[in-house]
Amino acid sequence: MEPDSGAPGASLPASEVAGSEGSFRRTEAIQSLSVQGAGWLSSPLWSPRSKARKVRLGGEISNDGAWLDDHSDFTSAYFSRRASVISDPQADMTPRFLKSMGNLDIISHKDRCDCQVSHDLHDPLMMAPHHRTSVPVTPILSAPDKTDCSLWPPVSPCPPICLCSNKLPFAPYIQPTVDLKSVSCGLGEGCPWMIGLLGGGLRWMGSVAELCQGALNHAEELLAAEGGALSLVRKAYSGESDLEEVISLTANGCSQTHQKILQGVMELVLATGLPINLRDAQKDPRFKEDSKRCLKIRTVLSVPIKNHRREVLGVVVMINKRKGCDCHPAFTFMDEKVLSNHMDVLGMVLENIQLYESSRQEAKRSQALIEMAQVLSREHHSFEVLLSKMAATIMPFTHAQYCTIFIPSDQTSVTKDDQIIFSCVIHLECEEFGSTCQIYRREHDISAIDPSHACETVRATKTVNMAKSAVESERSIVCCPVRNERSENVIAVCQLMNKRTRDSNELEPFNRYDERLLEDLAVYCGLALQYAQAVQITEVRRASIEVTEEILAYHLTAAQEDIKALQETTIPSAESLNILDFHFSDFGLPEDATTQATVRMFLDLNLVQDFNIDYKSLCQWVLTVRRGYRSHIPYHNWSHALSTAQSMFAMLMATDQLQKIFSRLEILALMIATLNHDIDHRGVSNSYIERSQQPLAQLYGHSSLENHHYNLCIFILNNTGSQILSNLSDEDHRAVLHMIKRAILATNLNIYMQRRGEFFSLAEKSRVNWRSEKQRDLLRSMLMTASDLSAITKPWPEQKRIANLVAMEFFAQGDKEREEFKTKPIDVMDRENSTRLPYMQVEYIDEICFPLYKAVSKLFDSCSPLVNACKKNRKNWLHLAEGTREGKLEDNCSLHFET
C-alpha cells in the first residue's frame, strides 16, 4: 500500500518495522498475502438522503476474517505494526513529525495559532493519507510571543496507539486523564468502530444516514465534543456541488444564526478540501449570542470526508470540546488528525456504498435500455401503444406513480408568450403490490391533466426536476424534453410524478439516476415518434405510388380496339416480313406490321405453345411495350427495339446450335429482354443522368437507365391483361426474371467491355462446355450486345440513316451539357465534330463492334453475315473519311444532321 493511501494503520518503512529477525520474518509472511480486494465501478450518482439505500454485503463478507482476507494491504500494515511492537517493545516509537522538526525549535503557541495551520504528520500511525493544511483565516485569539516548553512531556518510547484514541503522546496541549473503559478505542488495540465497520459491521449497517450517525456519535465521544453535524456532497443537475445535511447539529440550544455560520464553515471546507480549527470562536463577534438560553460556541473543528482519490464526499463539524482539567479546552492538533483519519475510513465506506449502489443502478439502467430496444424493434399497431410500452419499462425502476408523455400539435409555436397545445397525452399509472407492480394506461381527458410543467420543459428545452409541485398530491415531478434528432426541436415531453420509497409509501424527490432513466426514455420516445412519422410518410408515399402506377398502367396500356385488331389479324409469315434476314430493316414498314412481326417471332420460336401464353395477353403486351418507348427520341425508340429483337430472332433461327445450347426458358428471356432493353429511354446517357442528379440516378446509383428499363419491363409484365408469364411455375418465373435482368443490364457498354475479354478467350477454344451456367450467361450477354449494335451490320444506306439518327441524339445531349454544365462535351457528342463522324465510326467499329462479331462468327458460322456486313460498312466509312480529308466528298455520299 502507498504511504498516502489513507487506510488506517498504513504500513511502516522496512527500517522501522524490522525490530528483530523474528518480527521481520513474521511481517514478511503477512505481506506476502495477495488476496484481491473488492472492485467497484465508478459512477457520479449519489443521493445521501435515500433512506431506503441499504448495503447488504453479509453474503459476501461473512466475518472480520473474511474482510481482512479481502483487504490484504490493510491487514499487512496492521500486523506489521503489531509484530514490531511484540518483537521489540523498546523500539523507538517517537512520531517522526517530532524527529523531523530540528529546524522548527519545537512547535510553539505562536506557530500554532488559534486558527490552526496543520503540519504534515510523518508518523504512519497517525498520519492522514494526504497533506492536510487548515484554511488560513483571521486569528481569533492572539498567541503568546514565546514558546512555553514546559507544556511538552518528555519524549520516550510508548506502545502503539490507535488512531481513535484521544490519549495521544506529544499532544500540543496536556490532555486530561481518561479512563480507557470509557473511551471507544482502547489503548494498544484497534479501533472497534473501524474494525466493526470494515469487518462484519457492513452487515448490520442500515441506511447512509444511520452509518453517518454512528460515525458522528463515535467521533463526539472520542473527541469529547458537545455536539456535531455531518453533511454529504450532492451534485446538482448542472454539475455544481453543494452540501446536503444528513445529521443535523446534535447539540441542543444552538441558534439559527450559529447554525448558518457553522454551515458556512463547512462550505469553506468543501471548497478548499482543508480542515478548519477555531480554538476560540468567541473572539469572533459573529459567534457571540446575547440570549442566555442559546448554546455558547467556544471551539469549532471541521474536516472534510474524502475518498481514496482525495475527492470530498462530505464535511463533518465538531463544536465545544468538553471541559476537563483545563478551564478552556480546545480541539488539539491530534484531535484534528484523529477525526480526519476516522473520516477517511468513513469516506472509504461511503465510496464503496456509492459505487455498489451505482453499479446496481447501472445494471438496472442497462436492463431498461435493452427492454426499451426490444419494444422498439417489435411491430406495433400504433405509436401510442409503442410509447406506452416503453414508458411502462422504466416506471418500476424509478418507482414513479405516474408517467405521462405529452405530444405537442404540429401547429404549436414555442415562444415565451404563446400557449402550447398538446394534441396527444399518454398517461400511465403504476400500482405496487408488494414486490410486484401493475401498470395501467388510463384514459384521461387532456384537459384533466396539468400540462404546466410540460410547457415549462418545452420552453426550457432541458430536463426540469421539481422537488415539490404546487399541487399537494404531486410531491415530486421531473420532466424531460424529447428532441428531433435532426432539427433538435422538442417533439414531446416525458414526465414522471410522485416517486415512492421502496420500504414505505412515503414520497421522495427524483434523483439523478431517475433523470437519466427518463432521458433514456426520451431518446427512445424520439426514435419511436420519428419511426412512427417515417412509417406514416412511407404509407402515404406507398399510396401515392400505387395511384401513380394505376395512372401509368391506364395510359400505357393499349386501347382495346388496337388489341382486338391485332388479335384478329392474320399474322404474315416470317419470310414475307423478311425477319429471318440479317439485313432486315423496318424503315418504311407500317406501324401495325412491326407489332405483327413481333408476334410472329414468338410464334415461330414456339414460345406461345411451350409456355401456354394467352394470345390476347401476348397482343396486349406487345402493344403496351411499343407504347412504352418515347416516339420523339431519334434513335432509342420502338424501331430500335424491334431491330434488336429481330437480330436476336435471326441468330436463333439461323443457328440450330444456339437453340440446342439455350433452354426454352432462356430463349423466352432473351426475346423479352431485347424488346424491353431500352424502353422509356430518355435520349441521354447514364453519365448525363448522374451529373444532372436526376431521380433515376438517386434511385439506382449505377446503370440507371438499364435498371429503369428492367423495372418498367416487370411493371408491364405484371399489368393486368399483359401477364404473359402467368402460367409459369414459381421457380421458372423467378429464373426467367433473373435472366431478363441480367440480359438488359448486359446492354450497358461498360459491362460489355469488362466481360468481353473472357468471351474472346472462349471463342479461341476448340470446344466449349455450354452446360456451364456461367458460360451460357456470358453467351447471352454477348448476344444481347451483338443484337443491340446490329445497326452497324445493316446495308450501307440503312447504316448511314441510322448513324444520322444516333448523331442527332448524341449532339443534342452534348448541347445540353454545354448549356447546363458549362463544359465541353466528349468528341462523339460535340456538334463541332460533326465533320469527323466518319473517323469516329471507323474507331467505333474497330474498338467495339468488329471484335465482337468476329468472336460470334467464330463460334457460330451461321452468324458470319454479321461480321461481313460490318467489314463492308467499315470500308464505306473509311472511304468517307478519306474523301472528307481530300475534300472530294460527293454530295450524294454526304451526311446531313438535323438540329
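Each residue, glycine too, has its Cβ placed from N, Cα and C.
Per TrEMBL, the range carrying the annotation region 'Disordered' out of 1-23, 47-69, 277-299 is 1-23. Within 10 Å of the Cα of His677 (Zn(2+) 1 binding site), the following binding-site residues from the list Ser639, Asp788, Gln841 place their own Cα: Asp788.
A simple way to gauge crowding: the CB of Asn637 (AMP binding site) has 19 other CB atoms within 10 angstroms, across all the protein chains here. On the backbone, the CA of Gln841 (AMP binding site) and the CA of His636 (active site, proton donor) stand 18 Å apart. Considering only the binding-site residues Ser639, Gln841, the Cβ with the fewest other Cβ atoms within 10 Å is that of Ser639. Take His636, Asn637, Trp638, Ser639, His640, Asp678, Asp788, Gln841, the residues named in the record as contacts for AMP: the widest Cα to Cα gap among them comes to 23 Å. Here the Cβ of Asp788 (AMP binding site) has 22 other Cβ atoms within 10 Å, regardless of which shown protein chain they belong to. Within the same chain, the residues at least 6 positions away from His640 (AMP binding site) whose Cβ sits under 8 Å from its Cβ are Asp678, Ala791, listed in sequence order.
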